[in-house]
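The following features are taken from TrEMBL:
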type	residues	note
DOMAIN	49-455	domain 'Amino acid transporter transmembrane'
TRANSMEM	82-103	transmembrane segment
TRANSMEM	147-165	transmembrane segment
TRANSMEM	177-196	transmembrane segment
TRANSMEM	205-227	transmembrane segment
TRANSMEM	247-267	transmembrane segment
TRANSMEM	279-303	transmembrane segment
TRANSMEM	323-346	transmembrane segment
TRANSMEM	366-384	transmembrane segment
TRANSMEM	390-413	transmembrane segment
TRANSMEM	434-456	transmembrane segment
Amino acid sequence: MVESGNMAKEKWKSDCVNIRSNGRTEQIKRENAEHRLSILSIVYNPTAHPTSYLDTLVNMLKGNVGCGILAMGDAFKNGGLFLSPVLTFIIGIICVYNQHVLVQCSKSVKQKLKLQHNPQFAETVELSFETGPQRFQSYSVFFRNSVNSFIVITQLGFCCVYILFVSKSIQQMLSWYNIQLDVHVSILISMVPIMISSLIRSLKFIARLSAIANVCMLVGLVVILYYCTVDLPPLSSRSAIAHWTTIPLYFGTSIFSFEGISLVLPLEQEMKKPKQFSTAFGVLNVGMVIVTSLIVLTGFMGYWRFGDAVRGSLTLNLPEEFLLSKVVISSMMFGIICTYTLQFYVPVEILWPKVEQRFGPFRSPLLWDTGLRVVLVLITFIAADVIPHLSLFISMMGAVASTFLALIFPPLCHMAVTSADDGGNGYGLFNWRLAMNCVTLVLGALGFVTGTYASVYEIFGAFQKVAITAAVTNTTGNNYTAPGVH
């Protein structure tokens, strides 16, 4: 039976009373919040928190600038040199709008239900539907589980991308020493350091790895951008607008690069002055302007410099003769391995309670925890080994998982909250917020369908090329007189 709005409110208020009366529960919630921030911030200190404006801005830049930005050169190839910046800024504006919506919904349900804790992404979505119009209420648990599922898929997808990045970099560096390595072998080699790093449970140690990863990524990105300014060809040699069939691939990679929506609520809720997060010149707007500008700059310069030869990561375009190539690639490989540990922590945190509830209690929780980590790592390696195409994997993950988190769930959440609060009168003048929600949902659905189709189509095409090349190679080996085959 579907609960009425008043019944839902009473239920959640009762839950809050129980939480307040249970000091251990509150302590666990605080520890979890500190765990998240210890991972997010290189300047975070539990005894000194809440965080300042600058601290939170640094954390936001960290959460949004990752491996995806190195693939933006390939994204601009699929979108066109002049069309891609326009589309990227539009996507950036929509993502910022949805992040504001998520913050607003979290505050709304907290105030409405008089919660003592700050609801996170999945809980915000659940409470928005639970206290929304009657037609929404029966879907609350479904959407909470959906958000958690897509967060797990997205984080493990990031891990798969990191595996491919490390394995491709190993291939690249060994080729400079005339050692030709199959991609599957390089993936197997990369499993050793990544498997070891995934077994780290100390959050303080993971936070230190985060600091190292940030330095490696920052230095590498600066050097790559410098190299992209050398020997630039004429702008006219690049396609201004790509063919429409490749634009969905651009969309998937672009959405993947805006990868920080899951961090918005923790960052806002841990500030000394949370109101500084969502103002006109607050952390969210300023941070996303910087992030979007970096994404556009990296994509534009990468495609302008390398053209159609641009790879799934700009590091793969660095030549051996460039003095800093080996230093940059090695440092970024180390940074990515450290980042794998950070991204891997999130799905483990979400899945472990469910494993414990389903199979526990355990005589040896440490053994089961290790088993869960090993299984998840093997899943990411199998996925990376099945689809060893970095740029296509990034595009597919962006279209499948990131689209739902960034473009689908926030407007649905906002529509549920707004409709319940004042009969829909909170949509602004001429219902512009409702129109924006609808545009976002249409864009998300269109991007999901077309981006997923284009990515899967290109992946199958890549496998067919490999099969044809292998067949031609075998034929050439059996018949040495076959002409013109290279």
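Numbers run from 1 along the shown chain.
For all residues, glycine too, the Cβ spot is worked out from N, Cα and C.
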*asked:* Can you tell me which parts of the same chain pack against the transmembrane segment (82-103), counting only residues 6+ beyond its ends and a CB-CB cutoff under 8 A?
replied: 75-76, 121, 124, 240-242, 247, 250-251, 254-255, 258, 261, 264-265, 268, 277-278, 284-285, 288, 291-292, 295-296, 299-300, 303, 406-407, 410-411, 413-414, 436-437, 439-440, 443
_With a cut-off of 8 Å between Cβ atoms, can you find at least three pairs linking the transmembrane segment (247-267) to the transmembrane segment (205-227)? Only pairs 6 or more residues apart in sequence count._
no
*asked:* Which residues of the chain, 6 or more past the ends of the transmembrane segment (147-165), have a CB below 8 A from one of its CBs?
replied: 66-68, 70, 121-122, 125, 187, 190-191, 194, 259, 262, 312-313, 315, 332-333, 336-337, 339-340, 343-344, 346-347, 350-351, 376-377, 379-381, 383-384, 388-390, 393-394, 397, 400-402, 404-405, 409
*Take the transmembrane segment (390-413) and find every residue of the same chain, 6 or more past its ends, with a Cβ under 8 Å from one of its Cβ atoms.*
67-68, 71, 74-75, 78, 94-95, 98-99, 101-102, 105, 121, 124-125, 128-129, 143, 146-147, 150-151, 153-154, 157-158, 160-161, 164-165, 168, 248-249, 251-259, 261-262, 311-313, 316, 384, 436-438, 440-441, 443-445, 447-448, 450-452, 454-456, 458-459, 462
*Given the transmembrane segment (205-227), which of the listed stretches 177-196, 279-303, 323-346 has the most Cβ pairs that are under 8 Å apart from it?*
323-346
*Please give the sequence-distant neighbours of the transmembrane segment (177-196): residues at least 6 beyond its ends with Cβ less than 8 Å from one of its Cβ atoms.*
162-164, 166-168, 170-171, 337, 340, 374, 377, 381, 384-385, 388
